[in-house]
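Novice: One structure is given below, represented as structure tokens, and several questions about it will come after.
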Amino acid sequence: MGSSIGLGMSKKFWMMLMFRIGQGIGSGTIWSLGLGMLADIYPNDKLGAPVGTAWSMHSLGTLGGPVIGGVLYEYGGEMAIAWFMAGLSAACAILRFFIHDVSELVKLLNEKDEAAKIALANNELSVATEEQIGLQTKENGVSVQKNTGANDDSTPISASNTLQPQNNTTSVNRKKNLTMLDLIREPQIWICCFASSALFGVLGAIETILPIIATDRYNLTSAQIGFVFIALTIPNMLSAIIAGRITDSDRMSAIFGKSRKRFVVMLLGNCLTGIFCIILGLVNALVLFIIAGALLGFSAGVGAVPTIAAMAEHKETIGEGSNTQLYSLFNVGYSIAVLTVPIAGSAIFSATTPFITCLVAGLFLIVCSVISISWLIIRFRKTWK
């Protein structure tokens, strides 16, 4: 909140830089804590859907921010944006007081799952009772039905008769007080960080050169370029939700394995993003340019969401409270990528052509993803179920 107000009041570059760093620290903290809470609350096999929803809302903010900021700046100037950001920060801080503690949220989730299991068990028992198969025999002219079921008691099952849902806050023989170095040593963790960093770095590079391509090649105005970004962001929102639910599905677990499925989807999403990145620099028609951008945004959501969920797959083998550290590490990789890769992309763009830049960026993402994720899948092919 203070950084937003300070940024609006800044008159010198170094002041703007310092307050912008403050904003980055604050937003990174909120993002890491939010993802950590989701990983603490939801079991690993059901984490994809909530992460997909969170990522979709993140994309919505990315889409709405420039639009709202443009309107505020036009009618109120820099301080209008600063006060708006400060108000959002204050509202976020106030809402935090109304969020239940993680342990309470876990308890509520477990109670909901238990009630659903009991209802399902009672329904199955009722159907089985009504459809019991009997053998008809005649004894003294009377048809006697012999029940082949092992239990004809149709009394609803109570909570004590059903399997209790696993409380994902229970830890058995977990390591304690893990450091960032301990997390980096986990192959699944650093591969996720590496692959996601390549993805977000390439997206950052594309976002840097896309307005230049749109202006030079298609003579689009600033407002029209904004619509191009909308075409990229909306598919990203939709794919995040879809990818989260797909990776949570039992069918995906049956086909690829419970631990392997997220990395398969991640690899597919990153490779498709690289392909559409190359196509983006290749096409010459505006319609095809927008379609390629939309497909790129959709593919990026497919690659990003399983990455975040897959990192939590290891929370059964790492210490308590490490989920926040986990996603802090994710943010570190993200920050380094969006700082370095766009700079390299801009240098290539200045020295070559838009197509060469998109080609190098797309191949970089494809090669990094195929080598890293394939190596991980091969290494754990015998231990992953």
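Using the three backbone atoms N, Cα and C, a Cβ is placed for every residue, glycine included.
Model, not experiment: these values are computed from the prediction.
Annotations for this protein, taken from TrEMBL, read as follows:
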DOMAIN    1-385  domain 'Major facilitator superfamily (MFS) profile'
REGION    139-169  region 'Disordered'
TRANSMEM  21-42  transmembrane segment
TRANSMEM  80-99  transmembrane segment
TRANSMEM  189-213  transmembrane segment
TRANSMEM  225-243  transmembrane segment
TRANSMEM  263-283  transmembrane segment
TRANSMEM  289-312  transmembrane segment
TRANSMEM  324-348  transmembrane segment
TRANSMEM  354-378  transmembrane segment
Novice: Under 8 angstroms, Cβ to Cβ: which one of 21-42, 263-283, 324-348, 354-378 has the largest number of such pairs with the transmembrane segment (189-213)?
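Specialist: Per the Cβ count, the answer is 324-348.
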Novice: Using Cβ atoms only, state whether the transmembrane segment (324-348) and the transmembrane segment (21-42) have three or more pairs under 8 Å that are 6 or more apart in sequence.
Specialist: yes
Novice: Short question: which residues 6 or more past the ends of the transmembrane segment (225-243) have a Cβ under 8 Å from it?
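Specialist: That would be 48-49, 52-53, 55-56, 59-60, 62-63, 66-67, 70, 207, 210-211, 214-215, 265, 269, 289-290, 293-302, 304-306.
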Novice: I'd like to know the mean pLDDT over the domain 'Major facilitator superfamily (MFS) profile' (1-385).
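Specialist: Value for the domain 'Major facilitator superfamily (MFS) profile' (1-385), mean pLDDT as a whole number: 77.
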